[in-house]
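**Q** I'd like to ask you about the structure that follows.
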Amino acid sequence: MIGKLKGLVDTIDEDHIILDVQGVGYVVFLPLRVFGSLPEQGQKIELFIETQVREDAIRLFGFKAKSEQLWFRLLQNVQGVGAKVALAIIGTLSPSEIANAIALRDIAMISRAPGVGKRVAERIVSELKNKAPALSVEGVTSSFKQDVGEGVTSQPILDAVSALENLGYSRDMAADAIALAVREAGNDADSAKLIRLGLKELSR
């Protein structure tokens, strides 16, 4: 399996590039957003690669950020969402926008992606809202516990930390960001608000 490729941009096509890696040309499909930041032909680029093996083909999908690759995988767990739809969503929305849309049940935002209708967007929100792996309170960092305190309802906090982990942040980074969010929003804040504030902290 190919996890990452570093090479020269050889050819830029409508939905893919040919990446020259030491004389071997790899066809790599990209989200639309990546095309806007591609270097010129002949220039170096490094991409995280998701390899999909089918009976009739092996396809490579490239991403500039690890969080994009993680969302690409996660979205395809939803019924009716294949590689094409997942790539369209990532090409339209940033990882933080996808996370916010799911947390806030913003069907309209997800439907902005080409080929994503209301029904598919609703399934994405429904199936991924609680998809993040459950975290135990013991798994949260000591600084997070100290900031939050013992009297806080744990589930919204754990949901918020899980959502940030799904974006590719480490558990420590996610926990610290949500700890700051709880201090700002209060102990009774819901997970959606904590996620928004946590992402704000991480973007500083």
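Positions of Cβ are set from backbone N, Cα and C atoms, glycine also.
What you see is a predicted model, and the numbers here were worked out from it, not measured in a lab.
Got these off TrEMBL a minute ago, pasting:
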- 73-92: domain 'Helix-hairpin-helix DNA-binding motif class 1' (DOMAIN)
- 108-127: domain 'Helix-hairpin-helix DNA-binding motif class 1' (DOMAIN)
- 1-64: region 'Domain I' (REGION)
- 65-142: region 'Domain II' (REGION)
- 152-204: region 'Domain III' (REGION)
**Q** Run through the domain 'Helix-hairpin-helix DNA-binding motif class 1' (108-127) and tell me, per DSSP, how many residues are helix, strand and coil.
**A** 13 helix, 0 strand, 7 coil
**Q** Which value does the mean pLDDT take for the domain 'Helix-hairpin-helix DNA-binding motif class 1' (108-127) in this predicted structure?
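**A** Here the mean pLDDT over the domain 'Helix-hairpin-helix DNA-binding motif class 1' (108-127) amounts to 93.
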